[in-house]
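**Student:** Residues annotated as domain 'PH' in TrEMBL: 1-107. Taken from TrEMBL, the feature domain 'EF-hand' covers 117-152. If you look up TrEMBL, you'll see Ser168 marked as O-linked glycosylation site. The active site feature in TrEMBL is assigned to His287, His332. Annotation source TrEMBL lists Ca(2+) 3 binding site at Asn288, Glu317, Asp319, Glu366. The feature substrate binding site is assigned by TrEMBL to Lys415, Lys417, Ser511, Arg538. The feature region 'Disordered' is assigned by TrEMBL to 433-456. Taken from TrEMBL, the feature domain 'PI-PLC Y-box' covers 482-598. The feature domain 'C2' is assigned by TrEMBL to 598-728. The Ca(2+) 4 binding site annotation in TrEMBL covers Ile642, Asp644, Asn668.
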Amino acid sequence: MMAGSTLRKVKSRSWKKQRHFRLLEDGLTIWYKSKWAGKGHSTFSVTEVEAVREGHQSEILLSTAEEFPADLCFTLVFHGRQGNLDLVAESLEEAQAWIQGVRKLIHKAETMDEQERLDQWVRDWFQKADKNKDGKMNFKEVKKLLKMMNVEMNEEHAYHLFKMADKSQSDSLEIEQFVHFYKILTQRNEVWKVFQDYSGDGEKLMLEELENFLRTEQQEEEQSTQHAKQLIESYEPSETGKQGAMSLEGFQMYLCSQDGSIFKPGLLELYQDMSQPLSHYFISSSHNTYLLEDQLRGQSSLEAYIQALKRGCRCVEVDCWDGSDGEPVVYHGHTLTSKILFKDVISTIKEYGFRASDFPIIVSLENHCGLEQQTLMAQHLTQILGDLLQTSTLDGQVPQQLPSPQELKGKILLKAKKIGGLEKCVDETLTDEVSDEEEMANGDEESPTEEPQAEKKNKVDGWVFLSFFLPSLQKSKLSRELSDLVVYCKSVHFHGFEHAHCHAKCYEMSSFSESKAKKLGKEAGTEFVQYNTRQLSRTYPSGLRTDSSNYNPQDMWNVGCQIVALNFQTAGLEMDLNDGLFKQNGGCGYILKPDFMRDGNTHFCPEKPEEPIFHTKIQSKSQLLSNNGQQLPKVNQKEGSIVDPLVRVEIYGVPQDQAKDETSHINNNGFNPVWNATLNFVIHTPELALVRFVVEDYDKASRNDFIGQFTLPFTCIQPGYRHIHLLSKDGMAIPPSSLFVNISISDYE
């Protein structure tokens, strides 16, 4: 790999070009270029690669299967929303060398401890700064390095640090001297001050002193002695120090670790009761799952399902239409989005559905097919999924409440229309229902089809175009074979909360547009919460969101809606909230709702959360001491540009808790900015609150640029001195960038 190979990069059936690939000396960076590109080249880190697929395991390589043998093909799958890299080697030996080599490098990167990651990060900077590749770095290269690191430092002070590190007095730094230079540069004064407050001799924390710190600052009352011993064993680098003390270096490593993270480590594991009815859980859900981009011209892809499922999504949407060759297809109807086969979608769900979570998957079927292809859909579902598909009630009886995620582990449920109920039915076809979203569009002021008989006029260059929407007079029919596959998720029209309370079955569920759900939440919040204790609700974005943007899911969670469907392909605040909520509980895609949202007689109303339920008010104080001391990423790549960072803390929850506050910005320092700002919030319903920390590059002339963020449930916050490891807009880690905060939480008087 380090010697390099010529591989064919494949983007489509017509775009297949040779590129020279090689692994750089750091053992983590892969470099590639075209022989026609001159000095131009591209690189990516192995840390960005999630997996290597061998053979024809991508849509693109499948489309070229006749041209390229499977044993020469492989696919690099990247974390997040980044597209795959499909490659073809010239020989079997070369293909295996890269497949096995990248897999080993991925494993190495994933198993690094904190110190190894830091050492690798230092080596990376040395390689970047050593422009002439002589293994040394002169002062001119150091100055360029400081700019790359987002550090604004006067030349005299920079030269002073350089001379301190230049032990050989050669006016250059070798790698070990560079490590020393880095340690001088990253002296953590704010960590040192905390360390000094609890260290008797200023050199180390004895076991009792560390225990005192954990009790007093980290608010760890239980088993603090045992925890202190575990921390010394885990993070103290000195073998002699492990006898019962922690050095400043070990203390800093602890604070930067998962144990020192703002997120309670125990809540990252599966910890909730999974034996309650499905309606008692928030369920990670995707809208238009098949799309990689917008819903007008975007590409429909099996990769979109894979990406959603590997992020823990438990409810995926399949929008089905009659295919021209007799095979049903999946795409966004009446648009220019591309089409994929229904049977391929179901095969993909089977293959990837239970890799991130064992808990049940709900396939939300938007059925626009005729009877013949509906029957074929039913055949595909039963033949491909087999026993994975839940086709009958668990005990053979009509349920009085929905089964639990635990009972349905490893099962796939079909959400669709059904002939009659679970009781015996003799009808052969259904002629009085339309698809859920068509139903809701009739009363959705945000839908493009809201006024079916209204005339629209558009004028372009003197021409006037008239467009009409004519509602179909033909009622859709449903095949018995497809209907029989629907058990616990029968789609029905919503006729109001009173009707649902008197007549609805627990296995019946309705879909609500974002505007309809928000309106119901404002006008009848308590009734909506009560309704959602018994039945499932699905909400989806407005039809006007043709760019596949998202609505704020918090409004829907506030009234207990379980299946809050979002466009997973669209990064931003809304997906940050979704990722933040579902990060807990093992990332399994199911989060148990608060107890006051599981009681069918609850009086909770998100608009008035304290009437008549009196929740404990909690005051949260966040003191933003600094960033981690290791750089915030640059958003402007122009040479010499340095960020002016500020931090904003945002609270999302019931309307009474919605709040935000921010620090002032720090001029020209993305490396180790210190804010020393305290932000205070009062939270009335902490069980529903999410906290989002956002870092931006201040710009007085235009909108601030996004740098990084981290979102988590308020109930998952660890108080005390903590690090917040920032994520990119795409939701991926951007090590070693982080915030160092001191958080205190107390009852509000």
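Heads up, the Cβ atoms here are built off N, Cα and C, so glycines get one too.
Describe the structural surroundings of these features, if you would.
**Tutor:** Looking only at the domain 'PH' (1-107), the predicted model's pLDDT averages out at 90.
Listed by sequence, the residues of this chain that lie at least six past the ends of the domain 'EF-hand' (117-152) yet keep a Cβ under 8 A from its Cβ atoms are 24-26, 28-29, 158-159, 162, 170-175, 178-179, 181-182, 185, 630-632, 634, 639-640, 642-643, 667-672, 735-736.
Counting every protein chain shown, 11 other Cβ atoms lie within 10 Å of the Cβ of Ser168 (O-linked glycosylation site).
All protein chains shown were included, and the count of other CB atoms within 10 Å of the CB of His287 (active site) stands at 29.
Around His332 (active site), a 10 Å sphere centred on its CB holds 23 further CB atoms from the protein chains shown.
Neighbour list (Lys415 (substrate binding site), Cβ cut-off 8 Å, at least 6 residues apart, same chain): Cys315, Ile362, Val363, Ser364, Leu365, Val486, Cys489, Lys490, Ser491, Met509, Arg538.
Asn668 (Ca(2+) 4 binding site) counts 15 other C-beta atoms within 10 Å of its own C-beta, drawing on all protein chains shown.
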**Student:** Looking at the recorded positions Ser168, His332, Lys417, Ile642, Asn668, which has the shortest Cα distance to His287 (active site)?
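**Tutor:** Comparing Cα positions, the closest of these recorded positions turns out to be His332.
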**Student:** Report the nearest neighbour of Asn288 (Ca(2+) 3 binding site) in space among the recorded positions Ser168, Lys417, Ile642, Asp644, comparing Cα positions.
**Tutor:** Lys417
**Student:** Between the Cα atoms of Ser168 (O-linked glycosylation site) and Asp319 (Ca(2+) 3 binding site), what distance do you get, rounded to the nearest Å?
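**Tutor:** The separation of the Cα atoms works out to 68 Å.
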**Student:** Within 10 Å of the Cβ of Ile642 (Ca(2+) 4 binding site), how many other Cβ atoms can you find? Include all protein chains, please.
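**Tutor:** Counting Cβ neighbours of Ile642 (Ca(2+) 4 binding site) within 10 Å gives 22.
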**Student:** Applying the rule Cβ within 8 Å of the centroid of the Cβ atoms of Asn288, Glu317, Asp319, Glu366, what extra residues of the same chain belong around the Ca(2+) 3 site?
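**Tutor:** The surrounding set, listed in chain order, is His287, Thr289, Tyr290, Val318, Val330, His332, Ser364.
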**Student:** Around the C-beta of Asn288 (Ca(2+) 3 binding site), how many further C-beta atoms are within 10 angstroms, looking at every protein chain?
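**Tutor:** I count 28 other Cβ atoms within 10 Å of it.
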**Student:** Let me make sure I understand the structure: which of the binding-site residues listed (Lys417, Arg538) has the fewest other Cβ atoms within 10 A of its Cβ?
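**Tutor:** Comparing Cβ neighbour counts within 10 Å for the binding-site residues Lys417, Arg538 gives Lys417.
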